[in-house]
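**Student:** So TrEMBL lists these for the protein:
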- 99-106, 165-169, 219-222: GTP binding site (BINDING)
- 90-272: domain 'Tr-type G' (DOMAIN)
- 1-22: signal peptide (SIGNAL)
Amino acid sequence: MSKQGRMARLALVLQCAGLTAAAFSAHGSALLSSSASRRVHALRHDHALPDERLHALQQARHRSVSCMAEGSSRAVASVANADESDYKPENIRNFCIIAHIDHGKSTLADRLLETTRSVVQREMKSQLLDNMDLERERGITIKLQAARMDYFAEDGEKYVLNLIDTPGHVDFSYEVSRSLQACEGALLVVDASQGVEAQTIANVFLALESNLEIIPVLNKIDLPGADVDMVAAEVEGTIGLDCTDAIPASAKTGLGISDILEAIVKRVPPPLPAVNEPLRALVFDSYYDPYRGVIVFIRLVDGTLRKGDKVHFSASGTDTEVLEVGVLTAGGQRPADVLRSGEVGYMNGGIKCVDDARVGDTITITGSGSEPLPGYQEPIPVVYCGLFPVETTQYQLLRESLEKLKLNDAALTFEPETSSAMGFGFRCGFLGLLHMEIVQERLEREYDLDLIVTAPSVVYKVQLNGGDEVDVDSPSKLVDSDMRQSISEPYVNIELFAPKEFSGTLMELAQQRRGEYKDLKFITENRVSITYEMPLAEVITDFFDEMKSRSRGYASMEYSLLGYRQNDLVRLDILINGEPAGPLASIVHRDNSHSVGKGMTRKLKELIPRQQFKVPIQAAIGQKVVASSVISPMRKDVLAKCYGGDITRKKKLLQKQAKGKKRMKAIGKVNVPQEAFMAVLKLKEGA
């Protein structure tokens, strides 16, 4: 190409660049104008552009940047104004979902988020609000989650729906009650093919106590075995709810989801507007973030909360400054300028420990003197067990792991414990059996620990001779019978739901576990509800597994603590060759002491290796032996070398052997292998 041709093409490129810059300066696009500037800079470097032309292009670029900055500032201002004007307390709906395990609660939450477009389609997945792998595997909700949804209803109004997804297990009943306190309504989800289950009943009564508007939803109507009319009648008969307006739905296929959203808008009452009142916010959950500290989930009851406010936690007495507030969405936390009365959101105050932001606590402005919200309780451990590392070198790792878990779980308690059989470990307190299993699995998965878990036990109240009352969570801490007046153990009210053909075998199971019969009623023609009162110690062993086995998996159970009752309880000690084995001691009812002791001594006889001398294994209450077994000694044939001769020679050898065995028994020690301890502990769990 000639020189004149190259210059003509260069001029055309410059003209195009100038037009592009001017065009995008009018629209406020900095990206392409800066791109044009880079092209001109390159062309000038290659072809020595005139300074006048370059100056014109740079001016065009500056105009486009300033235009974009002005436009973005106007956009931010408009968003802020929109944020101020969007607050309409009459258009806020706070609700939760109540359901038994596997009745479709998480699937329904997914459909609600999907229908309201609260999450981008490419980020959508099943059980979206269940963040832990353990939750997905078990199909249960362990950690509470909350999500905000914007919904445009049929009346043309925009509504803010705050969904609080709560755990449903009895272990977390206090957390559930605080979550319900943050809502005005609840969706009662019942499987149309299974009917009302135990967990449903317990949480519905909690919701009724909180005066929530309950909307019945009959889920899984797409299944062949679904019977909507029968289940609706069951809900009315069992709970007393009017199911005339119950919504048939299928969370899996999306059927009835729009009806549910409209019912939430029309039937759930809005929160009471109290923006001008002093701040009072209910803490319904919290978790520890390693970078930001404790993040507190709150529901504002009165007043407003902004960044920079000095706040006070009524129960813990902690004072802190608010570093960040915002709302909870399915995609994560979204910062906001202010939270107002009736809204659900989060607060970050740089708190270092979840003990300072406990569930059920009330947040107020420091120095305001506002009355805290009612209903706060301290988390009280109900079940205790020992955690020991298989490898003694992992003791320090176990301590650090428990401390990290404690940051996220204020209900977990632990203290060092030493066992002659298993070495150094910790005595841990939990809210219940499920809580214990979750902590154990998290320690093994997240921190790669191999653990030995002793049989769970409950907390006993012991009345001493002097009149003092002490709590005992381990048999080793129980004083001798001559130093105490009585022992009380916790009782629970347990309710079993099952098909009528299994009522007999379930009542037999409850009777075997020292249960006191209270009531039996037919929910429908084919389903019964059986109520018993029994010791918690009998429930936390293998009662649930036995119930499922006897009912072929159809039965469900729910229990609630009643209080403490005195019983004829004793400490059953296991003696091996006259020496007490502390880890094998247990607190049992006197009537059951013989059967428990007999089972343990027989099991130990099979597990402890034979010695050179006779080893007696005894189960004793104080000095009284109630069961025993004997491990026969290994006997060396000392007469093997006597191929004949006088009988006195043989007697002399046998007498010498007998003296040696007697001396060996007096000074010999029996080493019980760890496998024997573990096998007996498992036996105690299934006793």
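Cβ coordinates are placed from backbone N, Cα and C, and glycine is handled just like the others.
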**Student:** So which of the binding-site residues is most packed in, judged by how many other Cβ atoms lie within 10 Å of its Cβ, out of ALA99, ILE221?
**Tutor:** ALA99
**Student:** So how many other Cβ atoms are close to THR166 (GTP binding site), meaning within 10 Å of its Cβ?
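**Tutor:** Other Cβ atoms within 10 Å of THR166 (GTP binding site): 27.
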**Student:** Near LYS105 (GTP binding site), how many other Cβ atoms are within 10 Å of its Cβ?
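**Tutor:** By my count, 27.
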